[in-house]
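Notes follow once the structure below has been shown.
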């Protein structure tokens, strides 16, 4: 616990226009890596527009480590096919949380705390807003998959403070 900063809940919402890796569709799932941690979503059969709505929770010990996301096509009889990957950093999200704490309570629901634009330094496909949503600070993002012909993944990040951790 002494190295734990907090928990990051990644709500993997959906994939959009993912690559076809089987005859006419794919059976996608996502693997998320951060440091030595590895988490994965469930497989959604026969879809290039899967709705996962899976929550994956990472223990954050170093907020400077990138979070890597890889989409795979599940295959029963052979190795799973890679369908693209993306990477993001939680530094801007943590900065926004610190800023919101400095502002104190009383911010109205829906307040945009920070806006992050797509750039060559990130995998965002559109502006990403960090907002106050029902008392929680969340970041919504669409990530454009790299090393593949098409596809995006929609995520929502939520920070969870853990009593006894270093905190942010």
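A Cβ is built for glycine as well, from the same backbone N, Cα and C atoms used for every other residue.
Residues or ranges marked as Ca(2+) 1 binding site by Swiss-Prot: 21, 22, 73, 75, 81. Residue 81 (Ca(2+) 1 binding site) falls within a strand when secondary structure is assigned with DSSP. In sequence order, 21, 26, 72, 73, 75 are the residues near residue 81 (Ca(2+) 1 binding site), counting only same-chain partners six or more apart with C-beta under 8 A.
Annotated Ca(2+) 2 binding site per Swiss-Prot: 22, 27, 73, 74, 75, in sequence order. Sequence-distant contacts of residue 22 (Ca(2+) 1 binding site), defined as residues of its own chain at least six apart whose C-beta falls under 8 angstroms from its C-beta, comprise 73, 75.
Annotated domain 'C2' per Swiss-Prot: 1-104, in sequence order. DSSP states for the domain 'C2' (1-104), grouped as helix (H, G, I), strand (E, B) and coil, give 13 helix, 47 strand, 44 coil.
Taken from Swiss-Prot, the feature N-acetylmethionine covers 1, and the record attributes it to similarity to another entry.
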- Note on the structure: Cβ proximity for residue 74 (Ca(2+) 2 binding site), under 8 A, sequence spacing 6+, ordered by residue number, returns 27, 28, 29, 43, 80
